[in-house]
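**Student:** Sequence annotations record features per position, and here TrEMBL assigns active site, nucleophile to 112. Here TrEMBL flags 262 as active site. Annotated active site, proton donor per TrEMBL: 290, in sequence order. If you look up TrEMBL, you'll see 32-290 marked as domain 'AB hydrolase-1'.
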């Protein structure tokens with residue numbers, strides 16, 4: 001892996017609706033631009049992501065998406081308004097950030113939710129993307145969120161029973177039921193809901209990069225609120241929108257690094273994307289799940305290195 005680097009430049013960008021994004025730049029100030037899209041939504045950027053990118057070659061842009069990390073307002077604050085936090089808003093923010101940094105075109109790197117956002121952004125602005133380097137890929141389909149909130153109950157029955165029992169909605173929309181509690185103004189209600197949501201995330205995705213064990217306080221609440229908010233609304237994407245839009249990526253090369261044991265594979269996501277995106281390449285890492293393993297990280301780094 002490459003060394004973790006410190007930022008040499010940072011700042012804030014007003015993107016509308018009262019939101020300001022925190023951004024920072026690592027690596028070569030005159031290098032090839034690459035933007036890193038964090039997961040969640042709501043996980044916030046992490047400096048350790050720079051291990052994937054050669055600091056001598058790349059000008060690495062990290063930023064916190066709306067509502068999380070050092071961006072404001074923070075979704076973990078009381079009486080949060082999530083109405084201006086949608087996929088369309090995040091895509092528009094990304095394009096505004098590119099323009100504000102005077103970047104003509106950039107490489108896009110993202111994992112999990114970051115892969116969804118990267119694919120949507122590239123489909124809407126293909127002329128601004130030199131390539132995509134994705135890992136733990138998802139597409140925002142209902143089949144994926146149904147798997148993650150309900151289907152995996154067959155794999156982790158005890159943890160799912162606790163997750164479902166907390167909101168008493170075994171047959172309903174669990175994301176919506178949790179969201180109602182997560183935005184409740186009573187701290188006793190929303191903090192307990194955040195803990196229950198994150199306990200399920202940790203049970204079903206134990207190897208996810210940036211484990212939730214170190215996400216506490218308002219960051220933990222923001223993560224749970226934002227994931228439930230997006231999942232309850234289908235991520236504001238039409239069903240199969242990402243797969244159907246892959247014709248717009250005909251001139252955008254990319255690599256998808258996927259763990260062989262990633263549970264999202266149960267609904268066929270990486271293979272469906274591989275068939276739809278002819279300019280993309282699927283790399284399957286054996287005996288690896290959604291993330292966290294050295295093998296997956298090395299494969300992701302190698303994919304990024306190939307664009308140097």
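Using the three backbone atoms N, Cα and C, a Cβ is placed for every residue, glycine included.
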**Student:** Return the count of C-beta atoms lying within 10 angstroms of the C-beta of the residue listed as 'active site', excluding that atom itself.
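**Tutor:** There are 24 such Cβ atoms around the residue listed as 'active site'.
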**Student:** Average the per-residue pLDDT over the domain 'AB hydrolase-1' (32-290) and send me the rounded value.
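**Tutor:** In the predicted model, the domain 'AB hydrolase-1' (32-290) has a mean pLDDT of 94.
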**Student:** About how far apart, in whole Å, are the alpha carbons (Cα) of residue 290 (active site, proton donor) and residue 112 (active site, nucleophile)?
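**Tutor:** Rounded to a whole number, the Cα-Cα distance is 8 Å.
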**Student:** To the nearest Å, how far is the Cα of residue 262 (active site) from the Cα of residue 112 (active site, nucleophile)?
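**Tutor:** Per the Cα atoms, residue 262 (active site) and residue 112 (active site, nucleophile) stand 11 Å apart.
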